[in-house]
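Noted in TrEMBL for the protein shown:
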| type | residues | note |
| --- | --- | --- |
| DOMAIN | A:17-97 | domain 'HTH arsR-type' |
Number of protein chains: 2
Amino acid sequence: MPDSEGHPAVDEIELGAVLSALADPLRRRVVRELTAAPVGTARTCSSFALPVSKATVTYHFRTLREAGLIRQVDRGNSRAATLRRTDIDRRFPGLLALIAAETEAVEAAGTAEAG
Amino acid sequence: MPDSEGHPAVDEIELGAVLSALADPLRRRVVRELTAAPVGTARTCSSFALPVSKATVTYHFRTLREAGLIRQVDRGNSRAATLRRTDIDRRFPGLLALIAAETEAVEAAGTAEAG
DNA sequence: TCCCAGGTAAGACTTGCATCGTACCTTCCC
DNA sequence: GGGAAGGTACGATGCAAGTCTTACCTGGGA
């Protein structure tokens, strides 16, 4: 059973939920940035500057949290998100590497690749 | 550009499309069975006995095909699906192992785990 | 030739997802 | 205490995903 904040235990992390969570480019971007950051990095939701409203950001972070990809810890005023690296690596070894390796061509749509 | 049958080239296989395709449990089941089978195994759509209508099966196989996960080849009367193992392994090494490792607890919902 | 099995295509329908606006809560700082 | 910043909750909305039925095509066998 997930804890009071909605974090599933390691054994409760389901592949389906993880893949669904990672199917969204915005959520994949969050996980990618977290994966690229030093281990243990904690960032606030707003620090990712996602191009959506505050409410939508909350929604995406909840999805990531309930899938078991991130852990959100209270930090007084705000709430910092950390990657559940160890847990994910144990359940799905190699998955984070795949996400990290993605080069987001879509976001650079403004710059012509063949230019 | 995908070929006339909708198969993307290796370099066109996108992580987002692949994850979206694999987010569905039915499609994951197809890929899992194909991954577990001997290399080169070709199976017809109907041989998977998915619990949905014929038209829906076609839809799911098209999704898998357009994502680049399977290749569908004409075989006279029917159409056989093969896993694009080499292509997927090159683009996303380790991904198939994750899918193959999933134990589908959901499908065995009828049997009490703690019984 | 006729019929059946396997697939596909088009259209309709339902549900869920991503999104937003608004209202509200908490904490920090003045 | 009051205000601003960061998040959450709730309700509403628009669109895409998954599903079905029906109609149709193709190839094989009697």
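Heads up, residue numbers simply count up from 1 along the chain you see.
Each Cβ is built from the backbone N, Cα and C atoms, and glycine gets one as well.
Mean pLDDT for the domain 'HTH arsR-type' (A:17-97) in the predicted structure: 96.
In terms of DSSP helix, strand and coil, the domain 'HTH arsR-type' (A:17-97) has 46 helix, 14 strand, 21 coil.
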